[in-house]
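Worksheet: the structure to be examined is printed underneath.
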Amino acid sequence: MAPHSKNVNLLFKLYCLAVMTLVAATYTIALRYTRTSDKELYFSTTAVCITEVIKLLLSVGILAKETGNLGRFKASLRENVLGSPKELMKLSVPSLVYAVQNNMAFLALSNLDAAVYQVTYQLKIPCTALCTVLMLNRTLSKLQWISVFMLCGGVILVQWKPAQATKVVVEQNPLLGFGAIAVAVLCSGFAGVYFEKVLKSSDTSLWVRNIQMYLSGIVVTLVGVYLSDGAEIKEKGFFFGYTYYVWFVIFLASVGGLYTSIVVKYTDNIMKGFSAAAAIVLSTIASVMLFGLQITLTFALGTLLVCVSIYLYGLPRQDTTSIQQGETDSKERVIGV
């Protein structure tokens, strides 16, 4: 029975790895396609808002299943949501930051190729590491610091002479795209560590915390919709420019994020590193085929350096148990895709 159980466990981990990889790569490629097609462009702020609504509904459903019966489910909502305005305010901070991050992803992929975005977005690793050191008073090993600098060097190489996509005809601004990624990774690092700190401050269920955060997120994103595109939405409609591909992107952003947060706890950091590297490779292949991406030497070297640094950062360490425990807890965070 033991070998059979071990094989099943390995197969499940491989399944988790495949899902995480496909979600990350497909989301990036699909979003890039919707932002560079010759069809009428949809309002990205509305897509971010709808994603928050879907995540809220899914979290409510999962909490209902977790509590087991209707009475406990209602009591949990009454106590932790309706009866906890302070907690809602506390979770409004990451809600606001995640809303900015998700909108920046749309802006970045409107101006950068999917593969370039996928590589550059790995800057979230050193950003999260820095926030972890500053906000949670943890320390990083020498190997982690080396991998952080390697990753930054790889991103610099990728951005030195950004690879160009020959099949994309819309006007793009690579500098604006890189600026959007810079804001997104800063938001990702801060919001992720902040949310982890909130989770550790009490025994409140992850899904209760998600509900609190998504309620605030809906309000924040609706304000963003009004301030950014309010006049045009009144004229053209909330769902202007929506196609099946746009709904697919929203599906990946909402369901994919929640699904990844569930299955990632069954994998280790090495598998997460392989997943990120594989997603970069898949995004690059898809970009070459769909968008005519021209691979340059600096892009290839930078991508290789980033993939190696991701792997090194996730290697197990015997002298960093506190960090590993923190990483285990942080695996249950729900992040925007």
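From the backbone N, Cα and C atoms, a Cβ is placed for every residue, glycine too.
Remember, TrEMBL labels are computer predictions, not curated facts.
These figures come from a predicted structure and were not determined experimentally.
Annotated features in TrEMBL:
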{"type": "TRANSMEM", "residues": "12-30", "note": "transmembrane segment"}
{"type": "TRANSMEM", "residues": "42-64", "note": "transmembrane segment"}
{"type": "TRANSMEM", "residues": "143-160", "note": "transmembrane segment"}
{"type": "TRANSMEM", "residues": "175-195", "note": "transmembrane segment"}
{"type": "TRANSMEM", "residues": "207-227", "note": "transmembrane segment"}
{"type": "TRANSMEM", "residues": "239-262", "note": "transmembrane segment"}
{"type": "TRANSMEM", "residues": "274-291", "note": "transmembrane segment"}
{"type": "TRANSMEM", "residues": "297-315", "note": "transmembrane segment"}
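Contact between the transmembrane segment (207-227) and the transmembrane segment (143-160) does not hold: fewer than three of their C-beta pairs are under 8 Å, each pair 6 or more apart in sequence. The transmembrane segment (12-30) is in contact with the transmembrane segment (274-291), judged by 3+ CB-CB distances under 8 Å for residue pairs 6 or more apart in sequence. For the transmembrane segment (297-315), same-chain residues at least 6 beyond its ends with a Cβ under 8 Å from one of its own Cβ atoms are 115-116, 119, 122, 125, 129, 143-144, 146-148, 150-151, 153-163, 268-270, 272-274, 276-277, 280-281, 284.
Listed as Cβ neighbours of the transmembrane segment (42-64) (distance under 8 Å, sequence separation of 6 or more from its ends, same chain) are residues 34-35, 70, 73, 76-77, 99, 102-103, 106-107, 110, 205, 207-208, 210-211, 214-215, 217-218, 221-222, 224-225, 228-229, 232-233, 238-243, 246, 249-251, 253-255, 257-258, 334, 336.
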